[in-house]
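Asks: I'd like to ask you about the structure that follows.
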């Protein structure tokens, strides 16, 4: 019959055995490893190098892609047919400012009410990120689509002349080019939402402003070539109001939703790598 002292001795021995057989995740002087996570929450050197590489890659890509496309538009040959609407520099800036400031005001007002998605592509991104439940996401998308139709109808009724705010391809852009322009510009917007609104950090309070800037840039990039959909509700509403759908209307759904998946994939990659460990202290509210 075992005594209490025997039981305690067995527990101590078992604990020692478990400790010696358990893989070490925290390096020490006797067990250094490149992939292990150091004490204090810092990432492993190799993981942090990968995070830094990806961060600089995507950051530089966004910077130069937006700049290159805008420069291409600004320096476009007059021989290439422009878009039907918004092809001059003044129109590009005015349209881009209108959509950028419009979404900024809408998000500032309603982000504490519903989250201020205002865009089915943004809502899909948040559903993928599990920041919005699927049923709530469907409810929000339906509301956004109805609002897009109502807004287009109201704008058409209040302003004279034919509808001049429907999306259309221009600048000699093909449908495939249109899809990817829509996708990349929407991904820029959705990445901004994920990293500034979903991720809580010092800059979160500025999220509506930066989201507006992201949409402004997205429009500078895409108005000339696609009319800048970036939002199925924005593209669908004017077509309903005008009772006219171009035979390539599908690109204004496929492109933005593809952008949602691109943005989610980039964000999820950084989350899996625990990007916070690469540049610690940057996402703290303190």
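Backbone N, Cα and C define each Cβ position, glycine as well.
Caution: TrEMBL annotation is automatic and unverified by curators.
Quick paste from TrEMBL:
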REGION    1-33  region 'Disordered'
TRANSMEM  50-71  transmembrane segment
TRANSMEM  91-111  transmembrane segment
TRANSMEM  138-158  transmembrane segment
TRANSMEM  178-198  transmembrane segment
TRANSMEM  205-225  transmembrane segment
TRANSMEM  250-267  transmembrane segment
Asks: At an 8 Å Cβ cut-off, counting only pairs 6 or more apart in sequence, do the transmembrane segment (205-225) and the transmembrane segment (138-158) clear the bar of 3 or more pairs?
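Replies: No; fewer than 3 Cβ pairs under 8 Å.
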Asks: Cβ under 8 Å, sequence separation of at least 6 from the ends of the transmembrane segment (250-267): give me the contacting residues as numbers and ranges.
Replies: 58, 119-122, 124-125, 128-129, 167, 169, 175, 178-191, 193-195, 198, 226, 229-232, 235-236
